[in-house]
Amino acid sequence: MAESVELPSRLAILPFRNKVLLPGAIIRIRCTSPSSVKLVEQELWQREEKGLIGILPVRDSAETATSGTAVSSGVGGESAERGLKNQAGISDTNKLDSKNHQEVIHWHNRGVAARALHLSRGVEKPSGRVTYIVVLEGLCRFNVQELSTRGTYYTARITSLDMTKGEMELIEQDQEFVALSRQFKATAMELISILEQKQKTGGRTKVLETVPVHKLADIFVASFEISFEEQLSMLDSVDVKVRLSKATELVDRHLQSIRVAEKITQKVEGQLSKSQKEFLLRQQMKAIKEELGDNDDEDDLVALERKMQGAGMPASIWKHALRELRRLKKMQPQQPGYNSSCVYLELLADLPWEKASPELELDLKAAKERLDADHYGLAKVKQRIIEYLAVRKLKPDARGPVLCFVGPPGVGKTSLASSIAASLGRKFIRISLGGVKDEADIRGHRRTYIGSMPGRLIDGLKRVGVRNPVMLLDEIDKTGSDVRGDPASALLEVLDPEQNKTFNDHYLNVPFDLSKVIFVATANRMQPIPPPLLDRMEVIELPGYTPEEKLKIAFRHLIPRVLDQHGLSSDFLQIPEDMVKLVIQRYTREAGVRNLERNLAALARAAAVKVAEQEHLVPFAKDVQRLSSPLLDGKLAESAEVEMEVIPMGVNNHDISSAFRVASPMVVDEPMVEKVLGPPRYDDRETAERVANPGVSVGLVWTAFGGEVQFVEATAMVGKGDLHLTGQLGDVIKESAQIALTWVRARATELKLAISEETNLLEGRDIHIHFPAGAVPKDGPSAGVTLVTSLVSLFSKRRVRADTAMTGEMTLRGMVLPVGGVKDKVLAAHRYGIKRVILPERNSKDLVEVPATVLSSLEIILAKRMEEVLEQAFEGGCPWRQHSKL
């Protein structure tokens, strides 16, 4: 240890920013700034072991100086020195050299004299800057009398604050000092013993016997991590009794922190096995945070509890949530179920238990206008929606039926549900059920499974944030069942107003009230929907649009939307009515309007290319009178071209429009349609060409995409009397073909297909019946009459009328039974240009749904027996005996 040193009257000063060097402490610094390098060269390097410098603490300029002298840094070298990063670290004093020289430095009025124990000189490359690494030992305290500059660094006139030998002998006889010394040594001995025990070293207790106690206090405190203010307080403790008292307090505090750390370690180690090292470290961190009162997890739990309190849960569910929260608080964040419990409670807090969107006062007139603006046609559907809204207006809490819109794609099912939500002023959410085969998608997964989550309904309510939205169950006919359950059966509880008040999601595991939700479903077909589920919904069919309706929809909705999506307007592209009709008739034969929109978009893209390729210059007409607007004065010259200008509000738009010759917009014509869309896909002569030979008849079928025209072809060949069927047919349609052949063979004599009853029509020949479009699956009983007509045409060698199509199921006795999808089938016949349609007599009631414009252009023939169908299917009727045995 350093002995008492005689200090000179003036010392060179090295400032330490926010750091204190105490007597007896050893520190290592790196000097890089010009002022510190100059000080080391002048005061230490050249004087070798005799050099002494003063270390003076400096406060940050942002802090308020409570003591010390404020001196303006005019030199700028050490005034900006950073000080030390830590006790054993290297202080880079160059970082603050470039600070503003007008920065005010707050100097402390007491410092410590220090001598160099080690010096090393280095040169940085490639700058060539000289740096020094200095190891300093603190010697004794001094008081600053006057601060001045010497070249680039500071010097100070000082007075020593160390006690003389006589003063020290006198104070050592003070009983208070003796008691403080004994207490300090006892605390220091305990601290050293604990450190030696932990680090398995020895010999440190000799320090207590060889070093004076007042110097020992500085040495101990210098080894602790304490605040800058506490360091300054220790530096200012010139009185040894005060110094010992403060040192004893700091040593005792350090000793207590070690004891707390040991207690935490023992507590954690008692709970864990030796193999859980990572978990041990996390537990230690947790325990440390608890001791410090800085636990982020606790703050998160408090915020979660506050959020749960504001969720408005029912009393029974609130008890369940509190029980789960208490269980969560007892868990450690590293336990496997901690995160899942947090997610579960957050879901409970996020669900809209009481939050509902206020309903607007229903204005039926405004709702009707909105429906008419959003959808053309669909009069029956819109009337049913208005009735639904009227009931809601008279009885807001009424449990209305679940509307299910059934129809082919592209007819506006989803947008109708969105219009209902807008009319009610409620939020709208769409749940897609297409391809859902897992019951857990509806009811959720149980929380015992890894990766469990709530069902789509609960998740949708969480996202929408209210308990009374309009929820669209889209593609409800596309659900399937497998080993994971039946989603359609899970929807039975959801769509039943008597049961969904207590809907129980497996993940949620508490009842949730779905009775305030307005459910709307969509489907392409009714057949795949299970009957119990279908019974819970009111089916509203959207069969499709007539060509006239498609034309109106194109001009009202599709063309404006397509032009807007492609950055065009009517000034650039115009599609005449004749061209839209051409696209409808020759390129799109569908129930909806999606393909029509795609074709219109193709025309718009072609126009966009032409517009983008044109120059952005508009020629000025020679014969137009010049404008008096100051914007254009001096800018328009004869035969000149003018770039586009931003027209101020004051300029008359009519003047501008009359002054410029607007380029003619691109008008779509038939050559452009064929160039963009290709050759026409459909031809009105197709039916006549395909029924030109006997054995071909025209039927009407229903598909998920609406009604379609189906040709049935029959031919005979040498064989053994077998019946061959092709065209990817189902069992029902195969049975219909067998019934048709049996009926024709039984009535062969009456139909004059055989000479006598003993004649076998299949004698020596096979019959092959084919349904074209063999890649498309086909099934159903409605092709019965078409099959009979085709066979009669084949055997009689007479052609079926090309303008006639038919549909109906036939019995073995010749009765024609009703079929479904009449409206779709009639519309399909109208789209194909067919003029006569033969329907079962019992389907006459379904003709009410067919638009009057379609009925007026068709001849509807109702048949009760197969003979009536044959009478109308052939030109001139089908001759049979007047008194045939039926």
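Glycine too: its Cβ is placed from the backbone N, Cα and C atoms.
Quick look at what TrEMBL lists:
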- 11-255: domain 'Lon N-terminal' (DOMAIN)
- 64-95: region 'Disordered' (REGION)
- 64-73: compositional bias 'Low complexity' (COMPBIAS)
- GLY407, PRO408, PRO409, GLY410, VAL411, GLY412, LYS413, THR414: ATP binding site (BINDING)
- 691-876: domain 'Lon proteolytic' (DOMAIN)
- SER782: active site (ACT_SITE)
- LYS825: active site (ACT_SITE)
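Residue with the densest Cβ environment among the binding-site residues GLY407, PRO408, GLY410, GLY412: GLY407, by other Cβ atoms within 10 Å. Within the same chain, the residues at least 6 positions away from LYS825 (active site) whose Cβ sits under 8 Å from its Cβ are LEU700, VAL701, TRP702, GLY707, THR807, VAL837, listed in sequence order. Excluding GLY407, PRO408, PRO409, GLY410, VAL411, GLY412, LYS413, THR414, which define the ATP site, the same chain contributes PHE405, THR522, ASN524, LEU542, ALA591, GLY592 within 8 Å (Cβ to the Cβ centroid), listed in sequence order. Distance between Cα atoms for THR414 (ATP binding site) and SER782 (active site): 30 Å, as a whole number.
Sequence-distant neighbours of SER782 (active site) (same chain, six or more apart, CB under 8 Å from its CB) are GLY699, LEU700, VAL701, TRP702, THR807, GLY808, GLU809, VAL819, GLY820, GLY821, listed in sequence order. Counting every protein chain shown, 16 other Cβ atoms lie within 10 Å of the Cβ of THR414 (ATP binding site).
In the structure as shown, the Cβ atom of VAL411 (ATP binding site) sits within 10 Å of 28 other Cβ atoms. A simple way to gauge crowding: the CB of LYS413 (ATP binding site) has 25 other CB atoms within 10 angstroms, across all the protein chains here. Per-residue pLDDT, averaged across the domain 'Lon N-terminal' (11-255), gives 74.
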